[in-house]
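Have a look at the structure below, then the notes.
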Amino acid sequence: MATVKKDARLTSSQSLMCVGFAGIFSKTVTSPLEVVKILSQVGTFHCKRGFLHSFVLICQNEGLRAFWKGNMVSCLRLFPYSAIHLATYKNIVNLHIDELGDISQWRAIVAGGLAGISAALATYPLEVVETRLIAQNCQEPTYRGLLHSLSVIYRNEGLQALYRGFSLTVLGAVPFSVGCYAVYINLDKLWQERHVRFTSLQNFINGCLAAGVAQTLSFPFETVKKKMQAQSLVLPHCGGVDVHFNGMADCFRQVIKNKGVMALWSGLTANMVKIVPYFGLLFSCFEMCKQVCLYRNGYIISPPSYKLKPGVDQSLGPYELQEFKRYLRNRKSHKAQSSSIGNRW
């Protein structure tokens, strides 16, 4: 997947803040596409007549604000998910790096997959709540916000309902990782043959293509997971799910039997359309936030220009740079005091 490159000139909290803000911004802007995708996966009536008509039906039945159903929960989930993912990924990578500090691309992708599973496990109840909020009619809501949703689901359906379908996250990670690996290996060969220096644009292209292939391969697992998250016997129309089933295997069977194999890829169009604007906004917003932090840390003259500050060692970390500046100030102060004493004599 496309990744925002870690910059040693940022503190850990600044990196997390930049990723979080960029994620919130890109999620919020592309939320209408996410809503259409999830409603298509669940199988609600909005999406029976295709991608474009889904927007019309949602707007007619629930209004414009329906395109941001569940977005607040999705944004709140981003921070614990990112923190757990980053910490787990670092620990796994540290176990597999060689003597030179390098790690193979396959191991790095597997580490990313395992970190993703760990982060998903910790934040899975929030994902279930997001799906329920999107699947419900916001004009006649059963759930009102995060805490109310968690309490109602737990009270009416038990703790297991908050983890229903999690096994599909694990199963879907396999084709997802294979897809990422295949794309990155082939793209690396392509860039090397052209003998060009790797740029941010290439990283963006790699990320979009890898996301497209990996998400397409793992999409059936994601579709069944969304149906399992949304289905509930205590909700009107069983949560809006278009097939009735008992468990994961039966869900696959019923979807194929009643809707056809291609129904496992319902919502893929919205997902593909979302990839480029999502990653474009993510990268752009991250870079803007990073430049503000670099300015505050004393590495650049101003955020818009991104001109490096003369005389500043860009290889120093933020804490090292502050210590170095403090040392220079103390040294200058000491020299001034020595000069003052010499003048008196």
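From the backbone N, Cα and C atoms, a Cβ is placed for every residue, glycine too.
According to Swiss-Prot:
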REPEAT    11-100  repeat 'Solcar 1'
TRANSMEM  16-36  transmembrane segment
TRANSMEM  67-87  transmembrane segment
REPEAT    104-195  repeat 'Solcar 2'
TRANSMEM  109-129  transmembrane segment
TRANSMEM  165-185  transmembrane segment
REPEAT    199-297  repeat 'Solcar 3'
TRANSMEM  204-224  transmembrane segment
TRANSMEM  261-281  transmembrane segment
Secondary structure content of the repeat 'Solcar 1' (11-100), with strand meaning DSSP E or B: 76 helix, 0 strand, 14 coil
Long-range environment of the transmembrane segment (261-281) - Cβ separation under 8 angstroms, sequence gap at least 6: 2, 22, 25-27, 29-30, 33-34, 36-41, 43, 47, 51, 54, 204, 207-208, 211-212, 215-216, 219-220, 223-224, 252, 255
Arithmetic mean of per-residue pLDDT over the repeat 'Solcar 2' (104-195): 90
Two-stretch contact, the transmembrane segment (67-87) and the transmembrane segment (165-185), at least three Cβ pairs under 8 Å: no
Positions whose Cβ lies under 8 angstroms from the transmembrane segment (204-224), at least six residues beyond its ends: 1-3, 41, 165, 168-169, 171-173, 175-180, 182-184, 187, 248, 251-252, 255, 263-268, 271-272, 275-276, 279-280, 283
Same-chain residues at least 6 beyond the ends of the transmembrane segment (16-36) whose Cβ lies under 8 Å from its Cβ atoms: 4, 10, 46-47, 51, 54-55, 58, 66-71, 74-75, 78-79, 82-83, 86, 134, 267, 270-271, 273-274, 277-279, 281-283, 285-286, 289-290, 293
